[in-house]
Structures are given as structure tokens and as C-alpha cells.
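Presented below is the structure to which this report refers.
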Amino acid sequence: MQFPGRRKKLIGSSQNDLYDHCLQFYGQPPLENISLTEFETFAVERLKLLKTVENLGVSCVKNSEQYTKKLDAEISKFFFNKEDGISEYEKRRKDHISHFILRLAYCQTEDLRRWFIQQEMDLFRYRFNDLHSKHKTDFLHKNNLKYETVSAEEKKSLQDKLIASSYGLSGTKVEEHDVYKVPFQDALDLVRTRKVYLLAGNAYIPHHEIVTIVLNDFRTRLSKALAMTARSLPAVQSDERLQPLLSHLSHAYVGQDYSIQKNIGKISLEQIDALSGKSFPLCMRHLHKALRENHHLRHGGRMQYGLFLKGIGLSLEQALQFWRSEFVKGKVDADKFDKAYAYSVRHMFGKEGKRTDYTPYSCMKVILSNPPSQGDYHGCPFRHSDPELLKQKLQNYKVSPSGINQVEDAGFSLNHPNQYFTESQKLLSGGRDIKKEVDMSQRSQENPASVTRPSQANSKQAHEEMGDLDSFFQDE
């Protein structure tokens, strides 16, 4: 496989010229041939790294010791361990190629571009901050960010003003670390928040704040590059080898497998109403409320909510009882439910059809699957709801105005509804597992053989199988 690009600009360039620094702005696309196996391997491994960056941004305070330790371990895993004997060139090559592959996959929609930019920025920020001072300066110069470092004499003369105008700066830090002199128009974010000293049209930026300037440049370049990639995407998608891979990557979920029934039987039907109010994510709380009020959900809602309930521990027998008891309160009698709906519930649990253990929807799957239309209740409220309606819904759930603003301003956080449930239960129970509240008679009726085994299918097969499941959820 060959990456198209501006070959003339790189003619005569050696490997060292292409990767002359451990950190990149990814300005030039790779031009070499790679195998489809390497293409997919590089892409999946980088996607896992970006998902880890996303998760750590939620579970840890950025730049804290815990955040740094965990992210450093993941980056080391991605770029190979030193004892593996892999050259520095191979590490930089993998970084370069994997980034461009995910560009192809994540340039397709505004949501995908936004997510990709945010995670790449967080990864870039960490890697830039981890550089030695000399390597930071080298990076700036190699990318035409010719920001002047302030001399020791000038730092000494301005020391009091620098300390007074820059948060967290002390006399010792001024002496030990670089201070950069940047045209003030390139540092408007820092000027606006009064974090820098201004003199003669220049902003004096402490070493720990220069990353803000570099990140702004990186975001601008990446945003423009993704827009350009999106325009040329039809040519890439015409390659029947690439199109399925790219489509799968943009929908891929690489986190915990919630199809594995660790909690089977730990949730009773009597708990569901209470749990929906304290541990369900908003999308599932919305579906549960609609089901209780209307005694029916269309096939998109049944798929999204049914697989979620399966993931939190509802057994097949409980699921059949749950859906039947609710539907018969509406326009569906018990006989019609058994004929038209029971098969699809059993199919979801791997007891019909191909007997596949279907996986609960990730947030990405919820967002990128068929959007809800009139009469539907599935989807993601933060992506598919009108902002004003979303505000009203959050107010009805007793979320404070400041909390609503925090929710609206937040980027991606948790990436799976079942992850939200698990973390909520851990928080509420002080880290203990969900208590098992199934009575003895109920347990005696359960067939141990009904507990599904973890799926051994690869992610591509799982994606195809999920599509097969859609055909079993049809309304009359």
C-alpha cells in the first residue's frame, strides 16, 4: 500500500531528515509502501493509546503523578520498550504513519474530527512537556516557531516583573528554566488570562506556558489538515481494501468488553427503577423513562437499552420477564410478545441465530449509529438533543445551573454507558461490587448454561455481527 502525497518535496530526503525530531507536527504524509497488516496494527495500537489518553483525562487530574505514570506506561508500550532493540527511527516511523492512518478514519464527520483533535492535543501536550529544554528549543526551530529565549541578563533584570505576572513562577524557577519572548499576538490566550508579562509588543512566557502557544499552532495545523483530508477521502474510499478498515476504525471501541457477563444475576428486576435514577447515564435513563411511560420502545431503543441491561447483569430470564411485563401494559398482549419480540431478546443473549454474545453499545456506536427520528428515544442526548431541551432535562434531574454549564463545556469523557454505570456503583458503594439481591427461588430457576461465554471473535467480526442483530429488531 502506498500513501499518496507530495513526493517532489521529499525527493532526496533521508530517513533522518524525515524524522529529525522525536516529536512531530505531522506536516508531511508518509510516502512508503506498507502492508495491510501493518496498516491495521499501527492504527489499532494508536487508537488504543488515544482512548487511554481520553480515559486518563477523566479518571485522573491532568499532569498529576498518577496521570503521568499511567500515560508514560502506555506511551512506552506504544513506542516499544527500550529492551526490544527497536531503533529510534522505527519508533518515529510508527508515530508518523499511525497518526496519518487515523486521520483518514477520523476526518469523516465533525464529531470524529473534534474527538481526534482533542486526544492528539492531549497526547502532544504530554510529550512536549516531557521533552528536555534543549529538545523543546530544537522542536520550535525545526518547525519555524522561532521564539527567542531570554538571556540570563535580561531574565535577571525582569525577574520581579516576571514573578509578579506569571502564576507559579519563583526566583529559582526564573533562573533555572527558559523564558521565551513571543510576539503578543501569538499568545493572546495567555494575555487574556493575564499569565504573562508584556513589554514592547512581546509576551514573556515561562517555560511551563510555552506549550499553550505550541498547542494552538498544532491544533490549527491539524484542523486544516483534517479538512483537506476529508475533501480527498472519496479517492481513498474507492479502494475496496481500505474502505472497510477505515469505517471500522472510526466506529471501533477498544475498551473493556462489556459482553462478558461478570455481573450475571447481580441485578434484580426490582432494582432497575432505583438504579436508573442514581447510576444510569442520561441516555439509558431517558430510555428507561420512555419505556415506563409508553410501555414500548422502537427497535433502536430496544437494542441500545436491552444490551445495556444485559451488560449490567440482567440474565436472559430476567430480560424476558422485564420486557414482557412492560409491553403487556401497552398494546402488546403476552401472546404477541412471545411471537414478535421474545426471539429478539434471546438472540441478543446468544441463544438464537448465530449464538453470538452481542456487545453493549459504546458511546461511539450510539453516536454514529442511526440517529433518532420522530418517536424514537435512543441515541446520545448530548449529541442528538436540542441544547435547550437538554438543559431542561438536566434541570428536571436536579442538576444545578453550574453543573449544567460544566456538562455543556466538557468534551468526551467516559466512552461507554456501562462504564458509567460501573464507575457510579463503585463510587456509591465505596469500591465494593454491586450487592447480589436475587432471591433463592429466582436463582434456582436460572440455568447455568445460559451464562454466555466471552466472545472470541475479533472486532471486525463483532461489527458485522452487530449489523446482523439489527434485522431481528423490527416493528410491525
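Glycine residues also receive a Cβ, built from the backbone N, Cα and C atoms like all the rest.
Note: TrEMBL annotation is automatic and uncurated.
Using a 10 Å radius centred on the Cβ of Cys283 ([4Fe-4S] cluster binding site) and all shown protein chains, the other Cβ atoms total 27. As annotated by TrEMBL, [4Fe-4S] cluster binding site applies to Cys283, Cys363, Cys380.
Here TrEMBL flags 441-460 as compositional bias 'Polar residues'.
Taken from TrEMBL, the feature domain 'DNA primase large subunit C-terminal' applies to 274-421. When DSSP labels each residue, the domain 'DNA primase large subunit C-terminal' (274-421) comes out as 92 helix, 0 strand, 56 coil, counted as helix, strand and coil in that order.
Annotation source TrEMBL lists region 'Disordered' at 433-476.
A Cβ within 8 Å of the Cβ centre of Cys283, Cys363, Cys380, the residues given for [4Fe-4S] cluster, is found for these other residues of the same chain: Pro281, Leu282, Val366, Ile367, Gly379, Pro381, Phe382, Arg383, Pro417. Residue density at Cys380 ([4Fe-4S] cluster binding site): 24 other Cβ atoms are found within 10 A of its Cβ, drawing on all protein chains shown.
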